[in-house]
Amino acid sequence: MEGPLSLLQAFNSPDPDPVKMPSARRMILGHVMSGLCSKMNRTKQLPADLMETPLNRCLNTFDITLLGIGHMVGAGIYVLTGTVAREMAGPGIVLSFILAGMVSMLAALCYAEFGTRVPKAGSAYVYTYVSIGEFWAFVIGWNIILEHMLGAASVARAWSGYVDSMLGNVVANTTMEITGEMHEKLLAKYPDFLAFGVCMSYAIALAAGVKATAMINSILTTVNVVVMSLVVVLGFWYATPANWSLPEQGFLPFGFGGVLAGAATCFYAFVGFDSIATSGEEAKNPNVSIPLATILSLCVVTIGYVLVSAALTLMIPYNEINPAAALPDAFGTRGIAWAKYAISTGAICGMTTTLLGSLFALPRCLYAMASDGLLFSCFGKVNTKTQVPLLNLAVSGLCSALLALLFDLEKLVEFMSIGTLLAYTIVSASVIVLRYRPISVEETVHLAPDTPGTDEEENASSSSQSSAVDPSSPTSEMIEIALAGRLRPQFRWLEPVLGRCEPGVACSGAVLLFCVLSVAVCFQLEVSWDEMYDGTWWALGLYGFLLFCLVACIVVISAHHQNTRGLQFKVPLVPYIPALSIFCNIELMVHLSFLTWLRFFIWLSIGMLVYFLYGIRNSKEGELGTSYSMLMSTQEAIRGWGATHSAGLSGGTRVTVTKIVKGRVSRKSVDKQAIIDDDDDDS
């Protein structure tokens, strides 16, 4: 049988046959290519002490909740509301925000569970690295970088436009007189130097430290919430119900398709809860703070968006809304001049907190990826005085400022949604995969009786001695661990189909198939809705088959035992809620434009170059070396693949290589497997 062993035997032969050398070369190449897949799929091994970090753990639940609210309530409520109501959904914007909030809540529950599993900076990137593998983790991390850069740039552009509208467009007119207009379709009408300056100014302010940032954010968010309450009270006081039933317009002037398109755009307003998960490495008690802050902030923001959009569309007809400054103009038309200035103040505060949230999360994502070796090591350094990654902050602020300088708000918002939805989809899938994955060898070692444990494990051990029937006893945990990923008794009828699969493999495959089928269903809904609505036989048959396969995937997943050991917060109704989140996210992605997808694939292509030219080689998970590198360190490999004669491996060299291999037996990836078997040491 060909393999690394036979390759070394070919090298060790005293008179190597020249014919064997090309075969050996092919074997090396085959081994390298097989190792590539294992490198892309290797998962992150978490340290024993998850709370240890060079960052400053100083944030409580209240700080993190306000950070999430501040990040979500900004340009979305003061700029996006007017645009969606005027051009996409009309009064149906209320339903758009409800749908977007529900989809976000599904993803937020998954984020909350991961926040208790992995209290580390990096958010969805770290979650994916731990559960699925390195390649998909890099894809998510690369998209999160884009998400926060575009988020900061779009809010800076909205901040500038809002201030400019209050000043009578003085900034825009002056800039175009000096620089002229940019006639390129992909760029904005004019370079926005005010937005550039705002981005750079707030990036400098964030360098003061996380506690100072949290204090500023709390003050501005409080002002913003008060202004939102004022908008809701005055809006309903001056409401005209007839504005929801205009002649020949009705409540849904753009139909339900407009509501869905509006929901896909409104989803941009809820991306801020990702910054809550990003702050996990700076939270005092992340197991409690991250889930609680995520759910509280999302509930508050969803209710606020629905009430404000309802008040706006009840005050004036949707076709009279000014997208640039919807709320101030609406109150101005009703003769409430003083409210206009109050709302403008709240808008500035709200957009400032959103900008701070994006610039807060982006450097920490860069730090997490660089710490793992997937990005350049210079991004993994933390300033010892402020405990902030200052270089990351400078680069983040500059890139966001350049985007704000050159692109307008509409292009930035649309491009931003696709990366966010993809991240939410993979996080939801990761929750299912981890729930049904058996415990790893590394975790099993920590359960050994002679291994010192944490205080919590010692307390659990002492409680088990006092009560043998305690459901939370180590015995119960060990039973749950042993059954994880295996078929439940009531689903034994699936054993002929799934019985040969390793524990957890069938569930992971079903999750992947569910995602693929969801793409097919959503795409067919987009392109052939009319045929299905008219009752065309082929459309109904195709949808019936796809839906049957989707249900079958869920049945296969739910037929297995789960592993919930050590979770402070658990997503309810797994796998149903994460599966619904996957489907809804994919449905919203399908409604994005083709140009958005094209830009996304260009950005992803750049990321693939970074990963395959740098990240895959410098990953901390593979820094101990590979079997290929050990093989090529021998004298024969150094002399070249095409050599026609070579000295055999000395006994000492073989023993050294074997010792190295023995030291790596705990590594599970294929590229770490031993090249020389122990039984062949004496041969």
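Our numbering is plain: 1 for the first residue shown, then up by one each step along the chain.
Placement of Cβ uses the backbone N, Cα and C atoms for every residue, glycine included.
For 461-474, the entry in TrEMBL reads compositional bias 'Low complexity'.
Summarising the annotation, TrEMBL assigns domain 'Cationic amino acid transporter C-terminal' to 569-619.
Residues or ranges marked as region 'Disordered' in TrEMBL: 447-474.
Beyond the transmembrane segment (61-81), the same-chain residues lying 6 or more positions past its ends with a Cβ under 8 Å from any Cβ of the stretch are 93, 154-155, 158-159, 161-162, 214, 217-218, 220-222, 224-225, 228, 265-266, 268-273, 275-276, 279, 283, 285, 288-290, 292-294, 296-298, 300-301, 304-305, 308-309, 312, 323-324, 326-327, 343, 346-347, 350-358, 360-361, 409, 413. Positions annotated as transmembrane segment by TrEMBL: 61-81 (among others).
Annotated transmembrane segment per TrEMBL: 93-112 (among others), in sequence order.
Away from its own ends, the transmembrane segment (124-145) comes close to residues 39-44, 46, 111, 114, 117-118, 274, 277, 361-362, 365-366, 368-369, 372, 374, 419-420, 422-424, 426-427, 429-430, 433-434, 437, 603-604, 607, 610-611, 615-616, 619, 621 of its chain (Cβ-Cβ under 8 Å, at least six residues beyond either end). TrEMBL lists 124-145 (among others) with the feature transmembrane segment.
If you look up TrEMBL, you'll see 193-212 (among others) marked as transmembrane segment.
A Cβ distance under 8 Å defines the sequence-distant neighbours of the transmembrane segment (219-239), meaning residues of its chain 6+ beyond its ends; these are 66, 69-70, 73-74, 77, 300, 304, 307-308, 310-312, 314-315, 327, 330-331, 334, 336, 339, 342-343, 345-347, 349-350, 352-353, 356. Per TrEMBL, transmembrane segment is recorded for 219-239 (among others).
The transmembrane segment feature in TrEMBL is assigned to 251-271 (among others).
The transmembrane segment annotation in TrEMBL covers 390-409 (among others).
Annotated transmembrane segment per TrEMBL: 415-434 (among others), in sequence order.
When Cβ-Cβ distances below 8 Å are used as the criterion, the transmembrane segment (505-525) is approached by residues 425, 429, 432-433, 436-437, 485, 498, 532, 539, 542-543, 546-547, 549-550, 553-554, 556-557, 560, 575, 579, 582-583, 586-587, 589-590 of the same chain, each at least six residues removed from its ends. For 505-525 (among others), the entry in TrEMBL reads transmembrane segment.
Same-chain neighbours of the transmembrane segment (537-559): 432, 436, 487-488, 491, 494, 498, 506-507, 510-511, 513-514, 517-518, 520-521, 524, 528, 531, 575-576, 579, 583, counting only residues six or more beyond its ends whose CB sits under 8 Å from a CB of the stretch. Feature annotation from TrEMBL assigns transmembrane segment to 537-559 (among others).
Look at TrEMBL and you will find 571-590 (among others) tagged as transmembrane segment.
Annotated transmembrane segment per TrEMBL: 596-614 (among others), in sequence order.
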Folded-back contacts onto the transmembrane segment (93-112), same chain, C-beta under 8 angstroms, at least six residues removed: 81, 84-85, 123-124, 127, 259-260, 262-267, 269-270, 273-274, 276-277, 290-291, 294-295, 298-299, 301-302, 305-306, 309-310, 313, 318, 424, 427-428, 430-431, 569, 571-572, 577-578, 580-581, 584-585, 588
Contact yes or no, the transmembrane segment (251-271) and the transmembrane segment (596-614), 3+ Cβ pairs under 8 Å, gap 6+: no
Secondary structure tally of the domain 'Cationic amino acid transporter C-terminal' (569-619) (DSSP, helix then strand then coil): 40 helix, 0 strand, 11 coil
Average pLDDT across the domain 'Cationic amino acid transporter C-terminal' (569-619), rounded to a whole number: 86
Touch test for the transmembrane segment (596-614) and the transmembrane segment (390-409), at least 3 Cβ pairs under 8 Å: no
Remote residues contacting the transmembrane segment (415-434) - C-beta distance under 8 A, at least 6 residues beyond either end: 104, 106-107, 110-111, 113-114, 117, 124, 127-128, 130-132, 136, 139-140, 143-144, 146-147, 150-151, 154, 264-265, 267-268, 271, 274, 504, 507-508, 511-512, 515, 557, 563, 571, 574-575, 578-579, 581-582, 585-586, 588-589, 592, 596-597, 599-600, 603
